[in-house]
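Worksheet: one structure, shown below.
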Amino acid sequence: MPQQQQQRRMFTAALLALVFILAAVSTTEAGKKEKPEKKAKKSDCGEWQWSVCVPTNGDCGLGTREGTRTGAECKQTTKTQKCKIPCNWKKQFGAECKYQFQAWGECDLNTALKTRTGNLKRALHNADCQKTVTISKPCGKLTKPKPQESKKKKKEGKKQEKMLD
């Protein structure tokens, strides 16, 4: 019997602890005030429009760009941002536009130029870039391949000269 009484006391204690925990949780939830949901404030501000990057020195490297936006209740309508123009980009297509170029084509004998095409890889800050561009450059020296026989004759001639000396 004493063992049954001990089990009843443990069960009663556990039950009281459970009731106490539930009461504590319900009072803390009741004490919280329901916060009214924040209204989603729609901004009257427009999207930022950025100028091209203007290098501080020269035509590449660190520089700044100006940003503007419109809106009646905008706190900020203009701002300046630091930017960088990589010095290895082809500036003739715009410093904001990066192209992936194919290999140089064959030399056009009529124009003495070879060309290659570049596809737009990246446009910084919504720059207006052409999708594809083409560049040309002079072919350089056009040399006719010399026949192998003449090289052999020259080598043989030099060998004979050394023997005579």
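Positions of Cβ are set from backbone N, Cα and C atoms, glycine also.
The structure displayed is predicted, hence computed values, not measured ones.
Taken from Swiss-Prot, the feature signal peptide covers 1-30, and the record attributes it to experimental evidence. Residues or ranges marked as disulfide bond in Swiss-Prot: Cys45-Cys74, Cys53-Cys83, Cys60-Cys87, Cys97-Cys129, Cys107-Cys139. The region 'Chondroitin sulfate binding' annotation in Swiss-Prot covers 90-97, 121-129, and the record cites similarity to another entry as its basis. Swiss-Prot lists 137-165 with the feature region 'Disordered'. What Swiss-Prot records for 145-165 is region 'Chondroitin sulfate A binding'.
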Give the mean pLDDT for the region 'Chondroitin sulfate A binding' (145-165) on the 0 to 100 scale. 58
Would you mind checking how many other C-beta atoms are within 10 angstroms of the C-beta on Cys83 (disulfide bond)? 19
Which of Cys53, Cys60, Cys74, Cys97 has the fewest nearby Cβ atoms, counting only those within 10 Å, among these disulfide-bonded residues? Cys74
If you count, for each of the disulfide-bonded residues Cys45, Cys87, Cys107, Cys129, Cys139, the other Cβ atoms lying within 10 Å of its Cβ, which residue has the minimum? Cys87
For Cys45 (disulfide bond), the three-state class that DSSP assigns: coil
Mapped onto three states, the DSSP assignment of Cys97 (disulfide bond) reads strand
Distance between Cys97 (disulfide bond) and Cys53 (disulfide bond) at the Cα atoms, whole Å? 11
